Amino acid sequence: MQRLLLPPLKAVMWSGCVRLLVPRVAPKAQCGCSCGIRRHLRPGQYSTITEVALQSGKGTVSLPSKAAERVVGRWLLVCSATVAGAVILGGVTRLTESGLSMVDWHLIKEMKPPTNQQEWEAEFQKYQQFPEFKILNHDMTLAEFKFIWYMEYSHRMWGRVVGLAYILPAAYFWRKGWLSRGMKGRVLALCGLVSFQGLLGWYMVKSGLEEKPDSCDIPRVSQYRLAAHLGSALVLYCASLWTSLSLLLPKHKLPETRQLVWLRRFAGGTAGLVFLTALSGAFVAGLDAGLVYNSFPKMGESWIPEDLFTFSPILKNVFENPTMVQFDHRVLGITSVTAVTALYFLSQRIPLPRRTKMAAMTLLALAYTQVILGISTLLMYVPTPLAATHQSGSLALLSGALWFMNELRRIPK
């Protein structure tokens, strides 16, 4: 066989990583190795041996680099911040009873607010046809209506910003080849969840616009739909933040001891408990359950109020009885802070990196801050600024739990 003399190996920098280049053989030469590749190459061409590339007429599409992963991680961190902003703004919209001020939904048309007196009066007349105005706000002025309308408008426009923050960069990164196969599936799921979240929001609002002739209660959205709307937003937030932290924070090489395995499981259970407590807050908000027993630690004069099981069947009390809903939220909150405290002390018994210990300490501080905010909100009859801060605290606590969990994640072999 004729021997081919190959030039020395060369290395070039591209996309933040070193690529070793092997000179390709002369025209009409064939690869003599066992890989089975046969191709005709031009003299002077090089092929990579450390990075897979696909040659096409439009150029080379390479696998994502570490630099690309950092960019994607920062993008998802920004996305999770926009979701947090939507959750907080949605909570304020609920607290100010502004959520039913916009009585229709259009993806593009409603982006333009009323600009003159005639348009505002037409919008106000549409609102006057629905139960909230007839029962609760029948003496509302146009100026007062503008305030609640702009609150709901801000929440809806922010939702559109969230959607664009996910979808547009995702399309760009996909086209640039910066997403791995697994990341592509995750990004598609996140973008789909964003779209679903918008539809679920309108489905929730519709429940508060329906006429209920047999009910004398104040018009409000269904607590079930409110919980679904908040729950999907929390799932979106958690998934985005977890993926971002996994891309941005370097993994610790922790020894897989039995203590670490138990700590990792306990951290996951604690994070789930924090999530469930935050979700139960949607039922508290949906039923105005924060206004039924404004005392702590007792509920009124007793530890367990007598009207816990006034509804039939008994299971209905868990989701529709304001007393039971507040009782459940209290129990979940106390259980969560107890679990976080135990998690902190367990983490002190294991040699952990400094950053992991900082995450545990931050989680403990956030848990007790959230308890103080919750009790203060209850005792002061749910003032809007304090209640909004308490709702924001639930996101901060959930973020701390996710951070600590991420610090303990297992390094794949």
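Note: Cβ is positioned from N, Cα and C throughout, glycine not excepted.
Just so you know, TrEMBL annotations never went through curation; they're auto-generated.
Residues or ranges marked as transmembrane segment by TrEMBL: 75-95 (among others).
Taken from TrEMBL, the feature transmembrane segment covers 157-175 (among others). Long-range contacts of the transmembrane segment (157-175) within the same chain, counting only residues at least 6 positions beyond its ends with a Cβ under 8 Å from a Cβ of the stretch, are 68, 71-72, 75, 78-79, 82-83, 85-86, 89, 111, 184, 187, 190-191, 194-195, 197-198, 201.
The feature transmembrane segment is assigned by TrEMBL to 187-205 (among others).
Sequence annotations record features per position, and here TrEMBL assigns transmembrane segment to 225-249 (among others).
If you look up TrEMBL, you'll see 270-293 (among others) marked as transmembrane segment.
Within its own chain, the transmembrane segment (329-346) is flanked in space by residues 262-263, 266-267, 269-270, 273-274, 276-277, 280-281, 283-284, 289, 299, 360-361, 363-364, 367-368, 370-371, 374, 397, 401, 404, which lie at least six positions past its ends and keep a Cβ under 8 Å from the stretch. TrEMBL lists 329-346 (among others) with the feature transmembrane segment.
Look at TrEMBL and you will find 358-382 (among others) tagged as transmembrane segment. Listed by sequence, the residues of this chain that lie at least six past the ends of the transmembrane segment (358-382) yet keep a Cβ under 8 A from its Cβ atoms are 95, 290-291, 293-296, 333-334, 336-337, 340-341, 343-344, 347-348, 352, 389-390, 393-394, 396-397, 400-401, 403-404, 407.
Annotation source TrEMBL lists transmembrane segment at 388-405 (among others). When Cβ-Cβ distances below 8 Å are used as the criterion, the transmembrane segment (388-405) is approached by residues 84, 87-88, 91-92, 95, 234, 237-238, 241-242, 245, 264, 267-268, 270-271, 274-275, 277-278, 281, 336, 340, 343, 347, 356, 359-360, 362-363, 366-367, 369-370, 373-374, 376-377 of the same chain, each at least six residues removed from its ends.
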| query | Top stretch among 187-205, 225-249, 270-293 for CB pairs under 8 A with the transmembrane segment (75-95)? | reply | 225-249
| task | For the transmembrane segment (225-249), find every same-chain residue at least 6 residues outside the stretch whose CB is under 8 Å from a CB in it, and list them. | result | 69-70, 72-74, 76-77, 79-80, 83-84, 86-87, 90, 94, 183, 186, 189-190, 193-194, 196-197, 200-201, 203-204, 207, 275, 278-279, 281-283, 285-286, 355, 395, 398-399, 402-403, 405-407, 409
